Amino acid sequence: MDAEQLKKLLREAEKRAEQAEKGQQEERQRAEEAERGQHRERQRAEEQRQRADIAEEQTRPTTLDEYIAACHSFVYSRFAIETDPDLTSKGSITNPRDKWCPQSLRAWSDFLEIQRIVFGSIYDTFPTEERVFENRNFLAGLGSRVSQRPIQDEKTLEYFLHISVEDPVRVIIERLKMVQDARAAFALGDGVIFENHPHALSEVADEVVDSGTPATASAPPRTPDHRRDLNKLRPDQICVYRSDNTALSQRTMIYISEYKPPHKLTAPHLRVGLRDMDIYKEVVNRKTIPTAADPDALFRYHAERLTASAITQTYHYMIESGLEYGLLTTGEAIVFLKVDWTDPGTLYYHLAEPAHEVMPHLNHFHICTAVGQYLAFTLLALGGPGERRGHGQDERDRARTGLKTWNEDFETTLRSIPASARSAPDSSSDYAPTTYGGVDRSPLVPRRKTRQYYRDHPDEHLTRHEDREPSDDESMPRPPDTPTPLGRGVRQTTRRSKSISEGAALRSLRALHSEGVIHRDVRLANMLFNSETGTIMMIDFERSTLLEAPRPPLAQIVPNKRSWREARVTTAKKVSNVRRQGFAEDICGLRVLFREKLYNGICGSCRD
């Protein structure tokens, strides 16, 4: 065999080897493609399952805790104040009749402890695992509806509170009254009613109409027409009744609720205006007024006067109606009020700011929400079966003999404050939101129910009994290989797995914030997980707000430097306030969302 034949054989062998290698490569490609196809099928199946889980979660009835959380996340969190002053109400000045004025204002020091006891009784008597409340889709629709009507007057505030707070409280009490243990704990009657006119007050109304007349300390006795006061409430007043299941279908008023739009009575007004004081001495008859040279003192002066005039109106109707409880609300802040009828000249108050209280108390955020706090307060006002709540004519007469009156109207007080003095200065921490961050907000559950309670609220058990955080290398559920919606199908049964997922979402949200974007629709359905980078991507910016950065001047020459600086500072403050509030709403919504997700995940594992 010569050299040419050998070369030919070698070329043929190389060709066969190349063909074999090519065949093997094609086979590997077919196998890889088949694997990718199977992976895509698994991914599609997983995505479909997650979408089904999300859809089921959104449409199935909710438990008590889920319902309270969803009311806060989907409805109450959509609270918005009209920023255009031309669209906000100025309010009409009513006839400033003498109103009973409390002598002393004192902090209601055990309010939060009582709230914990009431919530403990709810968990003790009601089957909290039963799904008997409205679903999340329905509540999300309500939230979308209320978001279209920013608060601009008493009527829009009433609309918002009725949908986001009062009606959910009514619905929960409707369910409570169906449970024998709950009826034994609370005087639920036939449920509660929120109404704007005090008709059918049972025997209390007749006594109130025939009530005596106030007399001021500085003027001869007068005879104000309290019949007209009580039978024609203003649009900013709501009476809350217990409907008594008797043959006469009577109603008993349990407390009065007064609305003040948040652009009239702001949260900073309430934060500094509510303190222990002698109202008549320190507000009504105050002799000195701070000057504009001390803006903090001037704002505090106006805040105390405005707050006192507002709560005096509520107190007046509490005394006239023989009520122990009442509240004043602006939507974003709630002032819960109590009169101890052994000392009726003292009015006790507690300031609640649900939107700000939720975040520092994520383990017990249900009790901190507006619905949770209204619910506990309403049950407190209802009292227990057979417990005496109303105070008759003789008691009211005795109370009035020791009271003075104040001839001042809230709108008159408001209009007396210069526009320049209505905004809080930025120099004091007194204007910071009220959070009660160092206070235990966990419900006080009776010992016999503690085990069941922690089975239904496992995150609280983890918080109390875990002494350390798991290490980073502990096992984690494997995430999907490509971006997929985060649903409750991927259960997270450890606190660490929850924190990592929440941390990734929080980092993504903060990245948006750093670009001046407020998302305003933080939901699991709007988050995609990328397995390659281990990050969360936020989607759906339909409701988002893009904050516009202040534009630099085109030239360095400014004709009026002072006015220019003032305008720039004012603009910067407005942008800063919007930025701060919007970012806080996003982050609060995210943390509430993951807290609710943790409830579902761990409780589901327990049931499995």
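Backbone N, Cα and C define each Cβ position, glycine as well.
Marked as compositional bias 'Basic and acidic residues' by TrEMBL: 1-59 (among others).
What TrEMBL records for 386-400 (among others) is compositional bias 'Basic and acidic residues'. Under DSSP, residues within the compositional bias 'Basic and acidic residues' (386-400) fall into helix, strand and coil as 8 helix, 0 strand, 7 coil.
Residues or ranges marked as compositional bias 'Low complexity' in TrEMBL: 415-430. Secondary structure of the compositional bias 'Low complexity' (415-430) per DSSP, as helix, strand and coil residue counts: 6 helix, 0 strand, 10 coil.
The compositional bias 'Basic and acidic residues' annotation in TrEMBL covers 453-468 (among others).
For the region 'Disordered' (1-60), residue counts in helix, strand and coil come to 57 helix, 0 strand, 3 coil, using DSSP. Positions annotated as region 'Disordered' by TrEMBL: 1-60 (among others).
Annotation comment: TrEMBL describes 207-230 (among others) as region 'Disordered'.
Residues annotated as region 'Disordered' in TrEMBL: 386-502 (among others).
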Worksheet item: Who are the long-range neighbours of the compositional bias 'Low complexity' (415-430) in its own chain, taking Cβ under 8 Å and residues 6 or more past its ends?
Response: 93, 266, 268-269, 271-272, 292, 295-296, 298-300, 302, 306, 573
